[in-house]
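Everything on this sheet refers to the single structure shown next.
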């Protein structure tokens, strides 16, 4: 597996919070709060290379050239439904970002992604896009979502997740070798049901309290 396009964000705060999220006894409320906090920390890293330019401003004491973000506003694209759990924290850091949603569910028999919703901001072309989903398991949902985004000709695309599997990374970069993956951890493997092991269960279920995590 080629890890040149994979960035593991091994920050102590992220790893500590992720450990609590993994615990089966962590409540829905606590899980949701931690997801918000971790997403802010991940967003800080994934936006590290945004372009800047300089504008002249006046401080109370002097005039100076000071850096500001260059170009059009970012676009965050959430893969529904669990991707929404990452958005609030990211928007707190980048409140001017545009938001898109791609609805995909995984067929339980084939594990393939099935699309049911697609809505992205106008003029996504020439913008930097960050596609978000907490789990990169089989990679099928991420592959399908990024394919849709690419059709709109953005300036750049990155994929951000909490956890990734080796299989998911391999599958994703088999289809999109040009798209970097940012993740908090790479776990051991997938089980027969396509869940990341040891993982944290089903991120959507744990976010919204819809059923017990696997």
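Cβ coordinates are placed from backbone N, Cα and C, and glycine is handled just like the others.
Over in Swiss-Prot, the protein carries these features:
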BINDING   81, 106, 133, 134, 135, 136, 137, 138, 139, 140, 141, 202  5-phospho-alpha-D-ribose 1-diphosphate binding site
BINDING   196, 201, 202, 203  uracil binding site
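Residue 135 (5-phospho-alpha-D-ribose 1-diphosphate binding site) falls within a strand when secondary structure is assigned with DSSP. Looking at the residues that bind 5-phospho-alpha-D-ribose 1-diphosphate per the record, 81, 106, 133, 134, 135, 136, 137, 138, 139, 140, 141, 202, the two CA atoms farthest apart are separated by 17 Å. Spacing of residue 196 (uracil binding site) relative to residue 137 (5-phospho-alpha-D-ribose 1-diphosphate binding site) is 6 Å (Cα to Cα, whole number). Long-range Cβ contacts of residue 81 (5-phospho-alpha-D-ribose 1-diphosphate binding site) within its own chain (separation 6+, distance under 8 Å): 103, 204, 208. Taking residue 203 (uracil binding site) as the reference point, the binding-site residues whose C-alpha atoms are within 10 Å of its C-alpha, out of 133, 135, 141, are 133, 135. Residue 139 (5-phospho-alpha-D-ribose 1-diphosphate binding site) and residue 201 (uracil binding site) have their C-alpha atoms 16 Å apart, to the nearest angstrom. Taking only the Cα positions, the spacing between residue 202 (uracil binding site) and residue 135 (5-phospho-alpha-D-ribose 1-diphosphate binding site) is 9 angstrom. Cα of residue 201 (uracil binding site) to Cα of residue 135 (5-phospho-alpha-D-ribose 1-diphosphate binding site): a distance of 10 Å. Ranking the binding-site residues 133, 202 by the number of CB atoms within 10 A of their own CB puts 133 at the top. Residues within less than 8 Å, Cβ to Cβ, of residue 135 (5-phospho-alpha-D-ribose 1-diphosphate binding site) and separated from it by at least 6 positions along the same chain comprise 82, 161, 162, 163, 164, 196, 199, 203. All protein chains shown were included, and the count of other CB atoms within 10 Å of the CB of residue 137 (5-phospho-alpha-D-ribose 1-diphosphate binding site) stands at 29. Within 10 Å of the C-beta of residue 141 (5-phospho-alpha-D-ribose 1-diphosphate binding site) we count 28 further C-beta atoms, all protein chains included. The DSSP secondary structure for residue 141 (5-phospho-alpha-D-ribose 1-diphosphate binding site) is helix.
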